[in-house]
């Protein structure tokens, strides 16, 4: 018997694209009774998800952040995720360039970044390379260093997803397809929360508007919305990497909040040292969680984000727009 595993040499390659347009959702804040509340719509929040996540992963949290900060929140799909194009390369310099291009296309001249895991490293790099674009940032459980010690985690993610595609081969017509996929992934991922997050990208029919040169829905089998086979190496090597050459000598002096999981290995002593060096204007919040902070401590991390952005939002605001300031004008708009 020959193995069912597809040989890498026979795989169809992804196209090479320097930048790709990022799919997004925009969550607007609820209207305030105070018409002139400084919502800073010119400085929205851009939320970047983790590996194999999507703009839909934490949709409710993003809406809460929009309401809690009176600020629009863009949730985006990173390349090779969700509704965004499948293309290489997948290195951090390219992913940060995608963020810059997204802001340019949307006409955003100053943004606040929130990044989790993979998205955290992208956010840190974007702040370092494009400080004129990034007003401030919240970095959730990651550090600006190479992390070979987390390669095992990435390998398990990829193995579990490949197992569904190449071994389980679940038909799209199977009514219990998602539970069967979860059961198949248990061999590599006993953690149900992680499986649930990865399964968000698993579908039994082609979504409207979805296009990929390598994901084939004509086979009659359930598919991930990620090009898993083509990303097998990148998801391990590129995700755990950090671009030391392109960031040499760079520092970001804007305010940055780091949220660290006390049970997570992602921010170690080396990472802490590097953070202090290149992000001198940093604050830390420790939460009693593993790396899965967004699932284990959702209310806590959302509050940390809102408190941080609210504390820094008025640094450049006119005094008559700041609630509590002696010059604040209490004009109330009752059209809510």
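Any Cβ shown, glycine's included, is placed from N, Cα and C.
As the structure is a computational prediction, the values presented were derived from the model and not from experiment.
What Swiss-Prot lists as active site, charge relay system is 117, 141, 291. Under the heading domain 'AB hydrolase-1', Swiss-Prot lists 44-296. Residues or ranges marked as transit peptide by Swiss-Prot on the basis of sequence analysis: 1-14.
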Rounded Cα-Cα span from residue 141 (active site, charge relay system) to residue 291 (active site, charge relay system), Å: 7
Around the Cβ of residue 141 (active site, charge relay system), the count of other Cβ atoms that are within 10 Å: 25
Tertiary neighbours of residue 117 (active site, charge relay system) (same chain, Cβ under 8 Å, six or more apart): 50, 51, 53, 140, 141, 142, 266, 291
Neighbouring C-beta atoms (10 Å sphere around the C-beta of residue 291 (active site, charge relay system)): 23
